[in-house]
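Asks: This structure is in structure tokens; I'll ask about it shortly.
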Amino acid sequence: MDKQQLASTVNKVLDEMRQRPIPIGISSRHIHLAAADYARLFPAQPIQPKKALLQPGQYAAEQTVTLVGPKGRLNNVRLLGPLRQTSQVEISRTDARILGIAAPLRMSGNLQGTPGIRLISPFAELELSGGTIVAQRHIHMSPLDALILRVSHGDSVAVAIEGSDRRLIFDNVAVRVAPDMRLEMHIDTDEANAAGADAAQAWATLVTKP
């Protein structure tokens, strides 16, 4: 096989890899807590992992809280671990309407100017001064995944949701690259419902490049 044939074969394999299915994680409403806020809501209670998530070291905990807004409340909202530097509440647009909170669309961690919310646990209540967002849809990936897919951290791409009877293309999907990340697209329950997506059966494919 000469160099031209080898290059052609490599490019063909890479093109096939770029079309491989991307797993979908459907994010229900959940919270992340800073250590001090966790200690106040769950005094002397160690975090109890309930289910491991696809991203390494991350998990859904046994602990839940109630979210309370000006217009309503949402019960049994799951805590995700491990603990973070800053508390954050992630909800859908539908949840925001129920609560009566004008939660902005943000990437995780971009919390400046976000509204607060009241959290109630079985042990205590806590009023957060900010940190409530609707999470922007995004894809986690490793540097190798990014190299294969020809994207970079911070890029915005379009992604097709496949495997349902309501195939949908989402624009403005943020790319998040880190060495410890596994390939996975995250959408919220509103977005999953719009696409008729079930995490066990649906998948995503990259359809445009930045």
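Just so you know, glycine gets a Cβ as well, placed from its N, Cα and C.
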Asks: If Swiss-Prot gives HIS138, HIS140 as binding Zn(2+) 2, which of HIS153, HIS186 does it give for that site as well?
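Replies: So the Zn(2+) 2 site in Swiss-Prot includes HIS138, HIS140 plus, from the candidates HIS153, HIS186, HIS186.
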Asks: To which of GLU62, GLU90 does Swiss-Prot also attribute binding of Zn(2+) 1 at the site defined by HIS30, HIS32?
Replies: GLU90
Asks: For the Zn(2+) 1 site (HIS30, HIS32, GLU90), what does the 8 A shell look like? I mean other same-chain residues with CB within 8 A of the CB centroid.
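Replies: Other same-chain residues near the Zn(2+) 1 site: SER27, ARG29, ILE31, LEU79, LEU80, GLN88, VAL89, SER108, ALA135.
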Asks: About how far apart, in whole Å, are the alpha carbons (Cα) of SER27 (CoA binding site) and HIS140 (Zn(2+) 2 binding site)?
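Replies: SER27 (CoA binding site) to HIS140 (Zn(2+) 2 binding site), Cα-Cα distance: 13 Å.
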Asks: Given the binding-site residues ARG84, GLU90, HIS138, HIS140, which lie close to SER28 (CoA binding site), meaning Cα to Cα within 10 A?
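Replies: Passing the 10 Å Cα cut: GLU90.
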Asks: Measuring Cα to Cα, how many Å separate HIS138 (Zn(2+) 2 binding site) from LYS71 (CoA binding site)?
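Replies: Cα-Cα distance, HIS138 (Zn(2+) 2 binding site) to LYS71 (CoA binding site): 29 Å.
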